[in-house]
Structure formats: C-alpha cells, structure tokens
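Chemist: When I checked TrEMBL for this same protein, it listed these features:
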DOMAIN    10-108  domain 'Potassium channel tetramerisation-type BTB'
DOMAIN    163-401  domain 'Ion transport'
TRANSMEM  159-179  transmembrane segment
TRANSMEM  200-219  transmembrane segment
TRANSMEM  239-266  transmembrane segment
TRANSMEM  299-319  transmembrane segment
TRANSMEM  339-360  transmembrane segment
TRANSMEM  372-395  transmembrane segment
Amino acid sequence: MKFGKKSVCVLNVGGTRYAFPGEVIRDFPLQRVSRLHACVTEKEVLEVCDDYDQDSNEFFFDRHAQAFVFIMLYLRSGKLRFVPGVCALSFYSEMLYWGLGSAHLEFCCQRRLDDTGYSEEDLIMRAEDNESRSEVEVEKGSGWLEWMRRTFEEPGSSVAAQLLALLSVIFVIVSMVMLCMSTLPDWNTAKHNTVEEHRIVEAVCIGWFTAECVVRFLVAKDKLVFLCRPLNLIDVAAITPYYVSMVMPGGAGGLSGVAGVTLRVLRMMRVFWLVKLARHFLGLQTLGMTLRRCRHEMATLAIFLTVATAIYSALAQLLEHGLDPDHRNLDDRSNRGGDYASIPAAAWWAVISMTTVGYGDVYPVTVGGRMLGGLCVVSGIVLLALPITFIYHSFVQCYNELKLRSARYTHTHTH
C-alpha cells in the first residue's frame, strides 16, 4: 500500500477508475475509503475492498458504478439525490456501504425513502444481509449442521421442517389447553383422579420444548445472539419452573412465600409460547413487523394519550371534587365523590373515556364534568385517529412484503 505524497491511489468501482493522490486517502470524506489508509497488511485491505493490485496500487470495489458517480457528485456539490431509474433501497444500501446515512440525502429523497415504510434500523439490516449473502450461500452447503439449523429455524425450508413446525404447534396448543384447564375450579379434583395422565402430558410437552430449545441453541450460528432474543428468553423462563418443582421435596407446593409466587408467575409465562406461532403464521408475523416499524407512531400515540389524560384527569378532579369538597351537589346514594378524589383516580375515567370504552363504573354528575366528558370523548377519537392511517398503510405493506417473500422462498426451495 502506497499512500505517500507522490504516490497515486486508484479506486476501481464497478469498472470505473478514479485516481487520487495518496495523501488524500487519509482524509477522504467516505469512511470506507479513508479506512484504507490505516491498513498495514494486504489482509486488512481485503477486509475493506474486494481486491487489490499492489503493482498499480489499485483498489477494487465490486459495487454499483453509477451510484458511486452520484456519491462523488455529492462530495463535490454537497447535494445527494437518488440515481434515476435505480431502486431507492439499492441506492441507500450503496450509501451505507460507503459510510453515508439518510441524513445526507436531500429532503425530497428522504421523503421517498420514508415512503418505502422501512425504518432506519430495517434498512441497515437489509444492507447487512446483502453484504453477508455470499457467506450465507457458502454456508448452505456446509452439511448436516446447516440443514438442522434451517429445519428448526425456517419452517418452510423442507418437508421435514414443515412436519417439525406442525408438531411444535400441536405441543403449544396442548400446553395452552393444559394451562387454561389448570385454572378451572374443578381442575384439582380431576387432577387427583388422573394424576399420572396429567404428569405424563406435562412431562412430554416440557420435554419437547426443552429438546427444541437445546437443539436450536446448539445449531445457532451466534450463541450470544440466540440467548438475547426475547422469545428464547421466554422459552427458558417458562421451562425452568417445571424442573425447579421437580427437585423440590414437595413438588410445586414445596415452595412458599416469595419463591412460590415467583415460581407460579414463571409458570404462567407459558402463555407467551403462543407468540412462537408467529414463526408459522403470516398474520402474526405481519403484526409483529408492523409494530416494530411503527414504534415511532405508537410512541407518538402514547404521548398523545398521556398528555391528554393528565389534562382531563386534573380538570375532572377539579370539577367533580375540588370545587365541591362536601359533595352537596352529588348523589349520596351512589357515592360518586370518591371516584374523583384525586388526579390518579380521575385518570382511570379519562383513559376509558378517550378510548371510547366507557365501562360505566365512573362517570361525571356535575354539568361542568359532563361537558368535559363530552370534550374528552371527541378529542380521544381525534387523537386515536391521527396515527392510525400510518399504521394501516404499514400493515398492508408488511403483509404484501411477507406474502411475496414467502412465495419467493417457496418457489426457490421447490425448484
């Protein structure tokens, strides 16, 4: 690598060559290019670019040549726009590769990128997936370990994976039925009559989930990432109480106090196994993706409701209780005064009014309180409706995307 004052560095991007003085590379505006100056060995250089010719001091980048032209124009003029006729996501992937972000785009192109429905994190993940696609293709032929991983992690990858997914769904349903039945009043009597059958069913279900979790952990590419996934943490937390109760002298009843309550809470976490069905059903996947992409809209909605709740609960407490501390104008038979004795107590009324639930357990009785209640309901409808349009469009886009991805995946693995 030659980066001296008199040396010339050549960047070959998609067949288009750019020559720069060697000293310019160190302070080059693009992060990926400037990283070349810190490389000492050829191995380090190949981690930044795709190939290197030491004789001509030429660095090869197998990237979109036209996209790089627009990026170079940005370095000259300070304005970055999408390449006409090129997919916005593809160009954004090129931007991320060279070290640029969406903040460098012009406002019109930022709007175009936002219209795709992807968040910043989703776009970065897609770019990283494209970068590692070649490595994934190599790993696909790595033998039985990769086959096992795809069988357990990708239900549509093969017939064996589909049968395994079906078996997993059956065990989830059986476990949920057992969990629901255990809360019935007559369950304890039935359990004493058929104690062996109940123990066998529970042991088989827990054994299946344990084996599935252990196998998925063993074949996972990154063990740390596997352990940090929320669904896997739920699996461990839901399985653990069974083995804890097995080693206790009195079984599940061997623990009392805080330990017993904790054990029962963890046991009840089995209900979250229903979320595991999202791996097999497109609708649940669409819901999860929509919530992830619309988290900013959901946060905005929560802020709207929080602010409005604080305002209306304070006003309701004042009109229903603060201005009439003796409750002379209230119906003593209903004893409604205590419902608005404090702002936190009135907040319950504000929440169920703005969400148009209206249980009827709390309601204003003064003229001012009723006028405030009408305003609270109308404003609640407006506030809830504002972000719904964005969430709806994101849901439709996520559904179509997952449906198309599933169709392509099925077509790829059946031909």
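If you go along the chain as it appears here, the first residue is 1 and each next one adds 1.
Yeah, the Cβs are placed from backbone N, Cα and C, and that goes for glycine too.
Values in this document were obtained by computation on a predicted structure and should not be read as measured data.
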Chemist: Do you know the mean pLDDT across the domain 'Ion transport' (163-401)?
Modeler: 79
Chemist: Can the transmembrane segment (299-319) be said to touch the transmembrane segment (159-179) if we require at least 3 CB pairs below 8 Å and skip pairs under 6 apart in sequence?
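Modeler: Counting Cβ pairs under 8 Å, fewer than 3, so no.
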Chemist: Counting by DSSP secondary structure, give me helix, strand and coil numbers for the domain 'Potassium channel tetramerisation-type BTB' (10-108).
Modeler: 45 helix, 19 strand, 35 coil
Chemist: Sequence-remote contacts (6 or more beyond its ends) of the transmembrane segment (200-219), Cβ cut-off under 8 Å?
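Modeler: Residues 145, 148-149, 152-153, 167-168, 171, 174-175, 178, 226-227, 232, 235-236, 238-239, 242, 273 contact the transmembrane segment (200-219) from elsewhere in the chain.
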